[in-house]
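Written out below as structure tokens is the structure these notes cover.
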Amino acid sequence: MRFSSSSSSFLDSLFHSCKSIHDTKSLHALLFVLGESHNLLLSTKLLNLYASFGYLSLSHSTFQLITNNTIYSSNSIIAAYVHSRRYTQALNFVTHFFSLSPQRPDFYTFPPTLKACQCLIDGRKMHCCILKMGFVNDVFVAASLINLYSRFRGLDSAYKVFVEMPVRDVGSWNAMISGFCRNGNAAEALDVLSKMKGEGLKMDKVTVSSILPVCARSNDIVSGLLIHLYVIKHGLEEDVFVSNALINMYSKFGRLRDSQRVFDFMKVRDLVSWNSIIAAYEQNDIPTTALELFKEMRFIGIQPDLLTVVSLASILGQLSDETVSRSVHGFVMRHEWLEKDVVIGNALVNMYAKVGAMDCASTVFEQLPLRDIISWNTLIVGYAQNGLASEAIDAYNMMERCENIIPNQGTWVSILPAYSHLGALQQGTKIHGRLIKNSLYLDVFVATCLIDMYGKCGGLDDAMSLFYEIPRETSVPWNAIISSLGIHGHGKEALQLFKDMLAEGVTADHVTFISLLTACSHSGLVDEGQWCFDMMQKEFGIKPSLKHYGCMVDLFGRAGYLEKAYNLVSSMPLQPDASIWGALLGACRKHGNVELGTFASNRLLEVDSGNVGYYVLLSNMYANVGKWEGVAKVRSLARDRGLTKTPGWSSVVVGSIVEVFYTGNQTHPKCIEIYNELRVLTAKMKSLGYVPDYSFVLQDVEEDEKEQILTSHSERLAIAFGIISTPPKSPIRIFKNLRVCGDCHNATKYISRITEREIVVRDSNRFHHFKDGICSCGDYW
């Protein structure tokens, strides 16, 4: 049966009206009834329809029924394979097509075929075929070659194809610009754009959408603004892709008002638009607004996709909302997205880590069908940021046993803080050795973590040496070394380094001043700290945060200026948090001001009644002045609220073994030798003038018991074990989870003199270097 032009028009309208697989199957049945199931043109249209709905098997069956296949139908089935991501089948078909079919490929054959290539070798084979058949000068084929080489980072080959094109249209320029953008070559992308303009070609929506991310990556806000101006001038602002790219660009610069303005002026918004504006607020740490936008999106009936949920997981992590986090996890499981993309699994691990639910984070990690390096990095940093350094190191060691996982920059930035937390200098140094081999230690973020690791593990000289080896154009490494000097009690050196930083043209930020103020506090440099605090506001325009105020309260309080500290707390424009009142309470405990300490503790327990450390501080303050009724009252209050004191422990590394001692430990295999050594040391100390300071015994017991309690403090047990387990006069490194007590501090000075050893103690606050009977802190701590 042959159709008239009106019948053909009728069938065309039927093809255009197919909106579902059911409609397509009905149309296919109609073609059978009409005897047109073998019609080349109609069957090819039909297989394209099946492919568009994701039914490749039906596309393939339809193709098989065509008796007189042409290059048109062959190109269609290749495109169908590629559309369904059956790349191997597409390449197999093309290979068979080239070797057995009498048909000759045309320039429509190669763009989908090149997209099907999953390695550079396959791509080069296709490039050879294109050259032999003379299609290399076709703009569509050449643009596809550029895209192919760009996918596999073969930018030299891509650019060679580009420059050898006899004629270039806008699509060719866009392909080259996009290739450079995709591979992070911002300067080259902008250079190609400049040449494109020089040849008189105008940017279209694809050019704009490709180049805007480059402006953000190269921190070039001026070019971004000029492109936005071009968009408005040429009427491209109504294109949804362009507007989405503008939202993303402005968000990368932190210009959320501009992002919001672009979003508000959009006449049509798709899911990508909503994802972009939600991600803009989420990535700029404004989770509340991001969550409101998500709710608005759902209210108007737009269904979230995988990327929406990735942003939502981060939002809930920032808000520490564990309840809703579990709901999001359930939503992901119902949609079976955990199996679909590792990105969503990584986002869930990160979400649970941010809310402190590491058991849940670990469970999700174990359920991931595929784990990439980001999965491992997320788990490691989750453990580290939740204070579970040992678990972070265990996860890292497990990752090392996976042959297909190669550590990257993110891995080192994740694991080094865990070594810092435990004071694992030996393991941290091994990581440094690995990084030297691949030159990654020169990366500013990795190097900063190494400096921090050496600083917190007592290797200040190594931290300083590394600091002078790495690029120092930003404040990040300067902040790390200033902080390291501060915790070692070198406040004056930290101030000098700050002046060197300014002399080199590096701009200080809010973190710089936190490090500086902390350094001044540890060294008793009150006037210098006040100078820094004033400079921060007047010369750098930085408004003090709660952390800055906390440092100043600690600075004044530690130096004994309790009235100054209290006046600062009373006059500050921000609502004091627990850290502010905690610093004031700590100062009152040190200087015995019970009245102000009680006032500070009352305010403190109003804002944070669940932190047992504050009850300990208050209890210790009462104990120092012999107010045992107050001690009993505070301890009873803590018990009633279900709080228990964190037990004090100290660790010492002997060889490659970390030995941990708790106060009063009697179970160590060398317990007898340890206590014998302490008895000998105590006798020698007393002969040199040591007198036990019983004010650091926080129990109401007899005098002889008080001396025994002091002797069995965890840091003394660790020191004694170090002495009997290491060669004479070798250094000993001790790490304590709480602040070292005043009597132990005094005793360690004597022990360093008696044993002629350097004893390095890192407590929860700072470092103490004991040598020849003197401590680096100058007894100011």
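Cβ coordinates are placed from backbone N, Cα and C, and glycine is handled just like the others.
Feature annotation from TrEMBL assigns domain 'DYW' to 689-781. What TrEMBL lists as repeat 'PPR' is 169-203, 239-269, 270-304, 372-402, 474-508, 509-544.
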Residues of the parent chain within Cβ reach of the repeat 'PPR' (169-203), under 8 Å, 6 or more residues beyond its termini: 139-140, 142-144, 146-147, 149-151, 153, 155, 158-159, 162, 210-211, 213-214, 217-218, 220, 223, 227, 230, 234
Distal contacts, the repeat 'PPR' (474-508) - CB-CB under 8 A, six or more residues away: 444-445, 447-448, 451-452, 454-456, 460, 463-464, 467, 515-516, 518-520, 522-525, 528, 532, 536, 540, 765-769, 776-778, 780-781
Predicted model, mean pLDDT over the repeat 'PPR' (169-203): 89
